[in-house]
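In what follows, a structure is listed as structure tokens, so that the remarks can point back to it.
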């Protein structure tokens, strides 16, 4: 029985990156032998055991065989005769198909170390094509290691997988799981570049793929191309280390520009409402969680208004707060301001240009929150007990006055 550290832990150690999780493969052992040594069995599809002290996962070496489309169509085989190389060859990329033994010796049968040095993602074998999730994994790794490129033969294989319909067999939850993980990496735009290059983005997110080649007014968008702009916005959100819902909102905020009739280009009048509708559709299809969906829909609908915030009247601002449910969910509204600021900065030459609208709207919201709705409601019930409709009107007017005072102070300080 021999135990090896495998996969990402070996890769990251060679790269000088902090190792977070270690995966172990056990060669030459049976489940009965593992249990006899006090390992706890936890695997459903194949034998995985928890170490009795560290509780880290140890998997018996295994092979796998494709039996149906998609990422679930596999039969696994494991016994004491499966070799380390047989286990490693089923892995996705050469850089993830290395192992380290107890003496610290690196076992690298597929040239992973060479590809690490050359910063190349290359598939281990033709078995890569059996699991469409691997396309998403390669794209996600590109977002984590943006200096790496995908080998030409690997990209060609991914293109063939897309053409064969393998990507269409992915379940929505798994697609979103991988996209979300990629969005949280250091340079999410690399993930989408890889997905576009192999044609997978058009199958998974046609609404997003449609943005490349769609022009915007150069006066406001020196980068011109909408797809390029959206990638800059998402990368800015990553640079600011913002939460997943904000990155998701950054990704989807301009989907409506992809359906603007070409004769209207480069203008996109009314794209905000179109964007909001498309975001709803995408989130429903991919089963995207509610926090990401709600913020993305709101950002798509309102980012134009936030951009014009300094021109809005107090009454319009309060109506916007009410429409966004900002009094019950103020943090979500602030997150939307953050996403809108990413939209502003995600343009060529605008990365360091101030965006006073964020602080301006937060100040306005804070002023509106000082209004005591309960007191106003009690007073109105005393004066007009038979006219309950006047209560929300009175609260609205009080908030408008508070906001007007606050924004007037901002515009005319001192």
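Cβ coordinates are placed from backbone N, Cα and C, and glycine is handled just like the others.
Swiss-Prot lists 8, 11, 91, 137, 140 with the feature CTP binding site, giving sequence analysis as the kind of evidence. Summarising the annotation, Swiss-Prot assigns ATP binding site to 8, 11, 91, 137, 140 and lists sequence analysis as the type of evidence. Taken from Swiss-Prot, the feature Mg(2+) binding site covers 21, 23. Residues or ranges marked as domain 'HD' in Swiss-Prot (evidence: sequence analysis): 226-327.
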In whole Å, how far is residue 23 (Mg(2+) binding site) from residue 91 (CTP binding site) when you measure between their Cα atoms?
13
Which value in Å gives the longest Cα to Cα span across the CTP site residues 8, 11, 91, 137, 140 as recorded?
16
Other CB atoms within 10 A, centred on residue 11 (CTP binding site):
23
By the count of other Cβ atoms within 10 Å, pick out the sparsest of the binding-site residues 21, 23.
21
Could you tally the C-beta atoms, other than its own, that fall within 10 angstroms of the C-beta of residue 140 (CTP binding site)?
24
Cα of residue 137 (CTP binding site) to Cα of residue 21 (Mg(2+) binding site): how many Å, rounded?
17
PLDDT averaged over every residue in the domain 'HD' (226-327):
98
Can you tell me which of the binding-site residues 8, 11, 140 is spatially closest to residue 21 (Mg(2+) binding site)? Compare CA atoms only.
8
Integer Cα-Cα distance in angstrom, residue 11 (CTP binding site) to residue 23 (Mg(2+) binding site):
12
